[in-house]
Amino acid sequence: MSKNICFIDGLEGVLKYREVDIKELVELPYDAVSYLLIRGELPGEQELAEYSARLHAERGINREVLDIIRMCNFNIDAMEALRTVICFISQFDPDLNDSSPEGNMRKAIRLIAIVPTIVATYYRMANGKEPLPPDPSLSHGANFLHMIKGSKPDPLDAEVMEKDFILSAEHELNASTFSSRVTASTMSDLYSAVVSGLCTLKGPLHGGARAEVMTMLNEVASPENAEKFVLGKIAQKEKIMGFGHRVYKTYDPRGAIFKQLAKKLAESRGDMHWYATAEAIENVVIRELVEKRGKPIYPNVDFYSGVIYKYMEIPPQLATSIFAIGRISGWIAHCFDQYDRKKIIRPRAFMLDEC
Ligand code: ACO
């Protein structure tokens, strides 16, 4: 049942994947969380070693994929390249039309493994650098940072990236997961369902908010400007990016963990500037919207993750695709559940009035 994939208590700020609390999940490797989501239970030591070995062995991309990435426009968001490449590579997957659970699992592992390599390859080419091959000895987070930066990452940066992927991995029937499920409900293939998820994630009201948060931080520039900026947004009736959530009417538990991670990164670098700027924005939003107007508008998953990317010197063009690297395991878990149901999702138009 899909309700077992994820549990959210939006009033108490509780989030669980497969009944494991997010606070415990962030202490695990991403591979274990990915296994939990797509297979339904946490792996034992041996199972995790085998799963990681398979996943890490599937990270590479071939010459044809490199050529396709080389033809992309390097001045746009990495999500455009990611979507294009996933569409392209499906044709070469020998299991494309094998809809058996085994065939779908093989496709799932290939997809989860290859997405970070596509994003990192695009990023390096866009910056005039030679792409780097993945390193199978590294974790999901460390390998991604290694591929974009060109050197083994600092252990804290690798830990934060790993936790970012975990915090982004699953969130029940959010817009992109719903899109993936609708595609899977027609018994279309897993690549198509993942492309649906990517297309929906990139919107600024969903995963695209992370990049917008980074732009906002640049605009605010320092803590002293937060008050004027937020009051201006409220006066113009504009949304403040990285705040508010359809389900959480309290602090988003992922937002709270991202905040701790952002603080840790800031302290480790001896540079509190971006953290202090973000916290100043948060304080004004909470004072104005929560305390004065009674609206439950708190930082969501996209707010302090944007701060983390400022410290890690990850540009906004990569922010949404990093979200996708994490979220793909959640999409796939939902697609598997949908395939088992063998029932098309076909809502009626009047239901849109409730959205
Ligand atoms: N800034 C200011 N006001 C806000 C914000 C915000 N970020 N979010 C909601 N509000 C206000 C609205 O103006 C509205 O006020 P009103 O009742 O006076 O008209 C009220 O709160 C309800 O807002 P809705 O847009 O109806 O809330 P909804 O549940 O539909 O939207 C959403 C949730 C889309 C996340 C919204 O809060 C938003 O646009 N936030 C900014 C974008 C963002 O950060 N998106 C990422 C969400 S997390 C994710 O998808 C991964």
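Cβ coordinates come from backbone N, Cα and C, glycine included.
Annotations in TrEMBL come from automatic prediction, not curation.
Just so it is clear, the model here is predicted, and its values are computed rather than measured.
As annotated by TrEMBL, active site applies to His245, Asp302.
Taking CA atoms as the reference points, Asp302 (active site) and His245 (active site) are 10 Å apart. Taking the active-site residues His245, Asp302 in turn and counting surrounding C-beta atoms within 10 angstroms, the largest count is reached at Asp302.
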